[in-house]
Each structure stands twice: as structure tokens, then as C-alpha cells.
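Peer 1: Provided herewith is a single structure, encoded as C-alpha cells, for subsequent inquiry.
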């Protein structure tokens, strides 16, 4: 099995790291940011593209200036946090003459054109710059006043090669893995429905749908921490945004903006249109060599200029704002920070509506089938539990999304705009989700207490069909002694989401808190090993261990620690490799479980079914002794002497003087004795022997001959002649 696992992991990693093989060798700028310009100069647009195929640079720059002045340009290029190229030049010198900068004009200016790069300069660009995904070159251009040496403009721009690990195909593969897990584990409403609400314990198969989605959510939430991730890891975490309900649907985002505006929200620099023209960035990234600087100097020659032209100077503003944390993660998906919660709410609402529609559609089909055809017995249970299936599925969805929902609601309260409707929805839904989980927690706990008082253990949670149908989605994966583990899991999800939301903007505090939370969960799993199947324990401990190690690696990205950019980039690649490998392993295990589930029964369900079978067999058995058949209560394996709750209530109601005698323990012949002898006889010694009940006397009276029935009487119904103790011939 090791070789197929390695092949799958290598294939998955190759999909991630070789996504741009078919693209051309092109380097292009991606947005820009102002790094310290004064009020006299404003740059509106910077677009520069280098095509390695024909060694050509195409550029388009525009902006405005409030006064004419001579400037000196300073260009610097850094790689992995290290400066590798630096050059200063005067735009008015003959060797580096740039008409639109000599001098810098008053009003609007624009420069567009292309330049052929000589081979000696083009060869200095390393080939790896066109192959490594998410290679972000960072170049800074500063303009200083020639007379005062004061910095009047500063522009910083990233350069990418078009290759990235953020590829739609990766998200589709991840969705497919989750979908197969959904079908294989039976957690979905369809799976529960086909079992008639009795498919119990499907979650015990690892990896289950909840475990897979939880793993994807963990990687997405890692991308929300306020640390300086390398671009390659930023792009990687975007692939799993679907698991946290963030979908870059422009039409929906525009509608959300209108809704926010109508309910008191502030759309300034926080709307879908603005975010679409801005690119999130987090400072330094992966950069190019000094050839970028040499090429840039040549780019400034042979240009087409436009001074005081108003047609194109402001047409392509793509100003870049540097953001981190939750806002930065959402912005990389083109989702404004104040739209995050409502976007997730609409996605969840769509999912719930789809669940209801599908189940009701199945209901209509089954009802029609039952009327006009032969209805299969296997679907009878689902036909009787439509609404229970819907409620069970929605509750499972709430449990699955609770951690990320806490994060979004707290973020909406603390960092989003002042839309009263959005804040109200956040408060109501958070209270509803928490209330649902608290209600089921209380119901399960109270049920456990009743079971312990009545039976001494909690086996009824797993063996009672009604209880299993209602509550098993919370504990079906765990052993009987650890049914309660879902409670710390709920607290774990709450704490994780709350720490990320409350610590937004404080990367070190976020990372340390996350490390403590993940470590506590790992210790709990190692101590309890709660899962019913050994495979479940092994897999979940491995997943939790990787989570702890991942958060430990994220500490390297904390800005306060001052770790070198090279180390950060290497760490990001290692994280991608480890997490991609585990994702591939999960995919393999899901495929294996899909096959194994067809031949292996769930242990809890198997034990419950075996018990039900024994009860049915006992009900159909006829005792060898006809008299003993009277001692068995119909429909139960318990004897007559096993008091039912109703009998106990009757006895308590009659009191000590009103004990209802057992007609077989004290064979009541009082009427017969009074008629024959005028006295009340005591029990006979020749009655069948058995254990005495608490209300029986400890001794028997004198012996006498048994009463012989009148065989010729019409009331005689055929008393068995072979049973001793009733009569003797």
C-alpha cells in the first residue's frame, strides 16, 4: 500500500505545483502601493509586462502632479527580504533620458509603449523566475527632488509570472474529496434517509465527511491569521475557501453592498467594485535578480508620452492596499470585509434550501412509488421520518460550521461596518446555533443520567433505536465510555473561532492562542483515544498532530520574531507539501472506506441489531412447560416476576396492606378450601418449587391431597395431566 499512497501524494502535489506549465514566460506587475509620496504627486496606474519569448517590455504609467520639478529616480529590487539590486539615475541625463520626467510636468501625465530588451540583459533573468508558482518580485521606485533631496514619490509593485498554486481545479478536487466522503460516511441527509433514520454510526468510518471538511476549514482558517505569509502559501490556502463559505460571486456581493447601504453600512473603500480593483498584499515576497533593474532602466527609453491628457490618465487605477488577517484573506477572494458574514449566511441558506428541496423531492417520489408500485421495505424507515431527516441534517450542518460561524459573527461585531441589519443577523444566528447545540447537549446529558439510574450505564444511547436516531450524530464515532467527547469538541471549535476573530491584527497573540488550543485537543485525543475504530483514533491523532505542527510553523511568519524571508518561504513550501500529502492520504482512505463500508457493518449498529434479533427469537420460543409459558409476559424476554414500572406503581398505590399477590406464588384455593373444610388452607408442599418473593411466607403448612378436577364437568378445559403438583391420580 505504500507505493500507491506515494503515487497519489506525488500526483496531488504535482497538480498544485505545476499549474502554469502551459502558460507563456511572462512577468507582469500586479497592483501597486504608495510607500510614501507627498501631496504633489499621485500615481494612478502602473502596468508593466515582460515577455521572455520576444524579449519585449510593454508598459503603461499615468498620474498627476501639482507642480513642475526636476527629480532623481532611485530603483531597488529585493529578493527574499535581501536587496539584490539598487540604482539611481537622473531622467534628464543623456544616457537615461525620460521626457515625461524631465522635468516632472504640472497636471496629468501618461506614458505608454514597448521596448525590445537586448539579449545580454534578457539573459540575466533567471529561468526559474518563469517556472516557480507565486514568485512575487518586489520593486520599489522612489523619486527625490533634485534640489532638496526630499522624497516626493514612492511606488512599490509586485511582479508575478502568472503561475500560482491557487487554481480552480484544486478547489474542484477538494470539493470532490469532500463529496465522496459525504457519500461514503453516510453523514448526509440522503445517507441517513436511506437507513430510515437507523443507519447509526456512519460517522465512525474515518475519514468521515465532518473530518474532511474540518481539515479543509483548518487550512482556510490558517490563512486568516494576521502574519506575513509567503505568497505561495497565501495562494494555497485560498483553494479551501469554499469550506468556510466564502465564494467570490460578484452579483451576490453587489446585492449585499446595496443591502448594507440601505441599512446604515459604510461602503467607502469597502465594496465589491473597489475590492475588484485592488490587490491584497502583505509586504515583501519572492523577488527577481538584478536583471529586473537593468531591464527597467531600458524600459524608460523610447516611450510615448502624454502630458495634461485626461482621457487615459485615470482610466485604470489599481491602487493596492496592504491588509492582513481575516480582511486580507477575504480580499484575496474579492470579498469586502463587511460582506464576509452575509456572504457565508447566504451560502449556508442556499445549502439548507437545497437539502430541504432534495429531501422533499425524494418524499414525493417515494409517496408516488408507494401508491402505484411495490414499495421496497428498505425505504420504509425514511418514508416515516422525512422531517426528522431534515432536522438531523441541518443540525449536523450547524455542528460542522459552528467554529467558523463564531469567527464570522465576532468579526462582524468588532471589525465590520455599522449595518444594523448585518449585526442583528449575526447575533440572532449565533444565538440560534449556540442554542441548538446547547439544547442537544442538555438532552443527551439528561438522557444519560436517566439511563444510569435505570440501567447503570449508557448502553441505551447506542442500543435504543429511538435514542440512536435522535442523538447519535453527536457521539456515533466514539466508544460508549467517551460519549461526552462531543462537548469539548464544541468548546474547541468555539475557542478556535473566537481567538482568531478577537485577535485579528495581532498575529503573535493569535498564533500562540491557536497553538495552545490545538495542543490541548491533541492531549485529549492521546489520553482518551475515544473513537470506536482503531483507524479513527490513528487518523484523528495524525490530523491533530499536523495541526499542532502547522501552527508551530506559522509562528515563523510572525513579524515580531524577525525571521528571514528565505526561511519563511521554505517553511511555506514545507507546509504546502505536508498538508497536500495528508489531503492525498485522506482521499485514498475515503476510497478505501467506500469499498470497506460495503462489507463491514458499523459496530454500534451491529450490536444493536443483534440484540433486537435475540429479542425477536425469544418472543417466538414456546416453553417446554405450558405452566411456564404463563410466566412470560408477551413481547418481552422478562419473566412474570420481573416487575414492570406499571406494576411497581400499582404496588406503591396499594401500600403495604394492598400487595397484589402472585397467583402462582401463593396458589389461592381459599374459596375451594372454605367450601370443603370451612378453613383457609396454607400453601401446599407439593406445589412447584421456585424462589420465594418478598411477600411470601418462608414456610409451608401441612400437606394434603391435591384437589382432583371433575373430568366430566363442562367447566373442565383440559388441565395437563403430566404436571406434578396440580393433581394426582
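Think of each number as a place in line: the chain as shown, counted from 1.
Glycine is treated like the rest: Cβ placed from N, Cα and C.
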Peer 1: According to TrEMBL, transmembrane segment applies to one of these ranges: 305-327, 420-442, 443-465, 604-626. Which one is it?
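Peer 2: Residues 420-442 are the ones TrEMBL records as transmembrane segment.
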Peer 1: Select from 393-414, 635-656, 657-678 the stretch of residues annotated by TrEMBL as transmembrane segment.
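Peer 2: Of the candidate stretches, TrEMBL labels 393-414 as transmembrane segment.
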Peer 1: Out of 393-414, 420-442, 570-599, which stretch touches the transmembrane segment (482-503) the most, going by CB pairs under 8 Å?
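Peer 2: Answer, by Cβ pair count: 393-414.
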Peer 1: For the transmembrane segment (420-442) against the transmembrane segment (340-372), do we get 3 or more Cβ-Cβ pairs below 8 Å once near-sequence pairs (under 6 apart) are dropped?
Peer 2: yes
Peer 1: For the transmembrane segment (340-372), give me same-chain residues lying six or more residues beyond its boundaries with a C-beta closer than 8 angstroms to one of its C-beta atoms, as numbers and ranges.
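Peer 2: Residues 189-190, 193, 244-247, 249, 252-253, 256, 259-260, 326, 330, 379, 382-383, 386, 389-390, 393-394, 397, 401, 404-405, 408-409, 411-412, 416, 422, 425-426, 429.
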Peer 1: Should anything in the same chain at least six residues away from the transmembrane segment (393-414) have a Cβ under 8 Å from its Cβ atoms, list it; otherwise answer none.
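Peer 2: Contacts with the transmembrane segment (393-414): 187-189, 192, 210, 213-214, 217, 221, 224, 244-245, 326, 337-338, 340-341, 344, 348, 351-352, 355, 359, 422-423, 426-427, 429-430, 433-434, 436-437, 440, 473-474, 490, 492-494, 496-498, 500-502, 504.
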Peer 1: Give the mean pLDDT for the domain 'ML-like' (25-166) on the 0 to 100 scale.
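Peer 2: The average pLDDT of the model in the domain 'ML-like' (25-166) works out to 73.
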Peer 1: Could you tell me what the rest of the chain brings near the transmembrane segment (539-558), counting residues at least six beyond its ends with Cβ under 8 Å?
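Peer 2: Those are 206-207, 211, 215, 218, 222, 225, 227-230, 507-508, 511-512, 514-515, 518-519, 521-522, 525-526, 529, 531, 567-568, 571-572, 574-575, 578-579, 582, 589, in sequence order.
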